[in-house]
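**Q** Below is one structure. I have some questions about it.
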Amino acid sequence: MTPLNPRYRERLLALVILALVLFCPPVLLIIDRLPSSNIGWLPGYLFGAWTVIIGLTAWLMEHPKRR
Amino acid sequence: MRTDVLLLGAVFGYLGLLFLVAAWGDRRAEQGRSIIGSPTVYALSIAVYCTAWTFYGSVGRAAQFGPSFLLIYLGPTVAMLLSPFIIRKMVRIAARQRITSIADFISARYGKSTGLGALVALISLITITPYIALQLKAITVSHAVLISYPQSAESILYNERFWMDRSLWVALVLAVFIILFGTRYLDASERHEGMVAAIALESLVKLVAFLAVGIFVVFSLFEGPGALFAQVAETPALSKLMHLESVPGGVTGWVGMFILAFLAFLTLPRQFQVLVVENVDEQHLARASWLFPLYLLLINLFVIPIALAGLLLDAGDPDSFVLILPLSAGLEGLPLLVFIGGLSAATGMVIVETIALSTMVSNQLVMPLLLRFKKLHVGSTGELAHWLLRIRRVAIVLILLLGYLYHALIGDTYSLVTIGLVSFVGAAQFAPALLIGLYWRGATQRGAMVGLIAGFLTWGYTLLLPGFAQSGWLDTALLTDGPWGVSWLTPYALLGLDGWDIYSHSLLWSMLINASLLVGISLFTRPTPLEQTQAALFTEALHPNLPTTALQRGQTTQGALHELLVRYLGLNAAQRVFKKHSNHFELDQQDRPASDDLIMRAEQALAGSLGNASARVLINSVVRGEALDIESLLSMLDTTTQTLEYNRRLKQKSDELARIGNDLQSANNRLRELDRLKDEFVAMVSHELRTPLTSIRAFAEILASQPGIAEPKRQHFLSVMVLESQRLSRLIDEILDLAQLESGRMSLHAMPLDLAALADHSVETVARLHEDRNIRLDVSIDERPAQVVGDADRLEQIILNLLDNASKFANPTDPRILLRLYKKEQHVYLCVEDNGVGIAENARELVFEKFHQLQANDQLTSQRPKGSGLGLPISRAIATHLGGKLWVEDPQVLKGACFILELPEASID
């Protein structure tokens, strides 16, 4: 029932913005156009960015001083 | 080996396992030892999001549209990341208001509106039933592939009669399962613990199955991902597949799908069921917010390799790659595991979705109709409760049959294949009413209603209708030329907006129309008091001081309320409500007025079973003079905000006061200490003054009383009197000096002088005296001249005082004193050492206190050393006045006391 800790709120919002930046076109277009001899960098990048976001969320959510 | 018998055995064996797990879960729940009270189980149950459409369809989508399938999972990742802001609020509201479904939630938000609840239930039914059909189709197709391989599955699919279709039987078994574990209690807001446990298990099974087939394809069919991708790179047609250009609609398609997945994740009825209704503990969200995205990542990890491998090997229908690839390698066990994985994905979705839909149908569609028939109001005890359960069970069977018929009759048409995303856009229509209503108090029921209808119609026109056209039921000219040849009405390119993928296009128009009508109409309609109350309770749900007391003021008797509860919920439930409230309901309390709290409890109990809208209708039927206390609620919320602010300021002030109090306290302590020191000082001064005064007085009295005293004796007395008078005046001089120094009134005549010369002079002054007492005084002056700024008289006073002290404390048998003068780092140091017993480390500061006199070692001398005890304090005060220091240090040469005077060096100019 306790309200969110302001610092936690700010970090969470920053993380959401990071996720949006990583998963949306401007960055994706850059990654997509990187030269590659294989299937392209996009799938690898998406899974990598996804892992980073999940890791950061886990760190933030499991932080004991969250609230 | 892949006989039908074996397959059927596996299928029904697996379903049997689900029954066991669910029964076990329910048993444990009854014993109060819940197995779903864990965040991990919660996260796994949310994974019901991954249906057969994920299990088989992701690979199909990846094979066709490249990385776009990932968006379906990135949207929920962001939604879970935002869960502390959105889902947490929904969970808290649902727990407080005993919400039973998303239809109930939206209806409750907009004044417990019956119409809105029915609308949401109806839209859900229309958009989601085909989605259930899709799951059954997946079971049928995967079964056919397994049985007929290496022949095409089509022959079986076409030749089979529908009662031979395995998915019909699966649907019937599921109906039994759902009736058993989904409708055990009337109270739909009670958790279906057994069902959730079974769903969590299903999530594990499908994950393991998918990972198994992925590992097999990558590491057994190919030699690791490197080898696979290298082969792909050699195939020009495939090497472009995993780029953005394969995504339908390009960049806009990408963003549109992202938003769509985000919204649908929050509004799909089954997701609402597991996320909100089945949530046991709000805290579980923290773990689920990263564990569920991790699950999504894992189950998608091998989608791209499997799709590429299937395309490389030309393995037929991409939707069946996960089955065909292990089959083509001649395996027997793995295809079966994959089939079970797909089965678990499909059944999990069907179970949860059917429970959610059947609750909506019974509470939002049938119940309000039943309540209109007055006849039912006079039913006998608890009859309606049984009615309601029966309705729910019938609804379950009907929904499943409807889904099956949909699949059996129009299963192969275009409209079913694409129904997954079509359903997503349909469910997303709830998002404006849900999300805007969660944060904006001004959203009204009429706005939500009109927005929802318009959004739904737009969805029907831009997605459903074209689907029918592509299935051949409508003229395809609709898609190319628009209705009646009006080109700007073309469903896939409304107002000429083409080049978009159809889902983003539909989402854009429907959301735009839906949300703007909701906002626009809300701005021009007036909400009822009940709407205002509910709006405040929803938007302020996370407010720390949200009132939990009853907000309605109405009158009824306990008897009437009891009767109502008994009639609709049964005697036991009625007793529970009264028991929680106070004591058991007694017949003699019949006519007592029911308290507001009791009325609220009764309404909550009814809402948990019948939905909020029906509960309100029922309560209104017995409670008279309802006066909703919206004013006090709003002012309470506003004043609590103000109070919080006041509290914050008050706390600030009190902190400040506490700090000032502490400062005062320590200042007071310091004053007391000074007062005590002053008293001590006065006592000591009086004592020091009295000693010489007493002897002067004694001798003077002797001289006065005995005039004939002998001359030599008289002379002796007089000389003592003179000496004592001198000592007295010296003492008084010193006290005056000290007082002046301490008050800062002493004027020192500072001027440049040579400290070395001054030291020489002082040594000369005491030389005679020392010679008399056999004291050896060594002088070592390194620097000449040692220029400092100071008052010559006062500095000499210090040196003499130090030399005098040294002579007193030097070793009595072989007294030695050393005076050194040296320069170091822009300072001049004058050091006086003796060879006495020295000063203990802890007494080195005490010697500078007024009247402090070292108690000389008892063995050496038992008498008090001569002197007033003011010399050193005065010396230190003078040194400080001249910008220098005076302190005691470790002896360096003579092993006795060592005093050092430090003065800043003055430049020669």
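Just so it is clear, glycine is given a Cβ too, placed from its N, Cα and C backbone atoms.
Sequence annotations record features per position, and here TrEMBL assigns transmembrane segment to B:6-24, B:68-87, B:116-134, B:167-186, B:207-231, B:251-269, B:290-313, B:333-357, B:394-410, B:416-440, B:447-469, B:502-524 (among others). Residues or ranges marked as coiled coil in TrEMBL: B:650-684. Residues annotated as domain 'Histidine kinase' in TrEMBL: B:684-907.
Just tell me what is around each of these and how deep it sits.
**A** Long-range Cβ contacts of the transmembrane segment (B:6-24) within its own chain (Cβ-Cβ under 8 Å, at least 6 residues beyond either end) map to 35, 143, 146-147, 166, 170, 173-174, 177, 180-181, 194-195, 197-198, 201-202, 336, 339-340, 343-344, 347.
Through the fold, the transmembrane segment (B:68-87) approaches residues 49, 54, 58, 61-62, 246-248, 253-254, 257-266, 275-276, 285-286, 288-290, 292-293, 296-297, 300, 303, 435, 438 of its own chain, all at least 6 residues removed from its boundaries and within a Cβ separation under 8 Å.
Sequence-distant neighbours of the transmembrane segment (B:116-134) (same chain, 6+ residues past either end, Cβ-Cβ under 8 Å): 51-53, 101-104, 106-107, 110, 268-269, 349-350, 353-354, 356-357, 360-361, 363-365, 368, 399-400, 402-404, 406-407, 411, 415-416, 419-420, 422-423, 426-427, 429-430, 433, 445, 448-449, 452-453, 456, 459, 611-613.
Outside the transmembrane segment (B:394-410), and at least 6 residues removed from its termini, the chain residues within Cβ reach (under 8 Å) are 125, 129-130, 132-137, 140, 162, 165, 167-168, 171-172, 174-175, 178-179, 182-183, 350, 354-355, 357-358, 361-362, 366, 416, 471.
Within the chain carrying the transmembrane segment (B:447-469), a Cβ under 8 angstroms from the stretch's Cβ atoms is held by residues 106, 109-110, 113, 115-116, 119-120, 123, 127, 414-415, 418, 422, 425-426, 429-430, 432-433, 437, 475-476, 478-479, 491-492, 494, 502-503, 505-506, 509-511, 513-523, 525, all 6 or more beyond its ends.
On the 0 to 100 pLDDT scale, the coiled coil (B:650-684) averages 89 in the predicted structure.
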**Q** State, in range form, which of B:207-231, B:251-269, B:333-357, B:416-440, B:502-524 has the highest count of Cβ pairs under 8 Å to the transmembrane segment (B:290-313).
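**A** Of the candidates B:207-231, B:251-269, B:333-357, B:416-440, B:502-524, B:207-231 scores highest.
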**Q** When each of B:167-186, B:333-357, B:502-524 is checked against the transmembrane segment (B:416-440) for Cβ pairs under 8 Å, which one has the most?
**A** B:502-524
**Q** What stretch, picked from B:167-186, B:207-231, B:333-357, B:502-524, has the most CB pairs under 8 A with the transmembrane segment (B:251-269)?
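**A** So the stretch in question is B:502-524.
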**Q** What residues elsewhere in the chain lie close to the transmembrane segment (B:167-186), defined as a C-beta under 8 angstroms and at least 6 residues from its ends?
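**A** Sequence-remote neighbours of the transmembrane segment (B:167-186) are 11-12, 15, 18-19, 22-23, 26, 136-137, 139-140, 143, 192, 194-195, 198, 343, 347, 350-351, 354-355, 358, 385, 388-389, 392-393, 396-397, 400-401, 403-404, 407-408, 569-570, 573, 609.
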**Q** Using Cβ atoms and a strict cutoff of less than 8 Å, what residues sit near the transmembrane segment (B:207-231) while being 6 or more residues removed from its termini?
**A** 47, 55, 295, 298-299, 301-303, 305-306, 308-309, 312-313, 322, 325-326, 329, 331, 334, 337-338, 340-342, 344
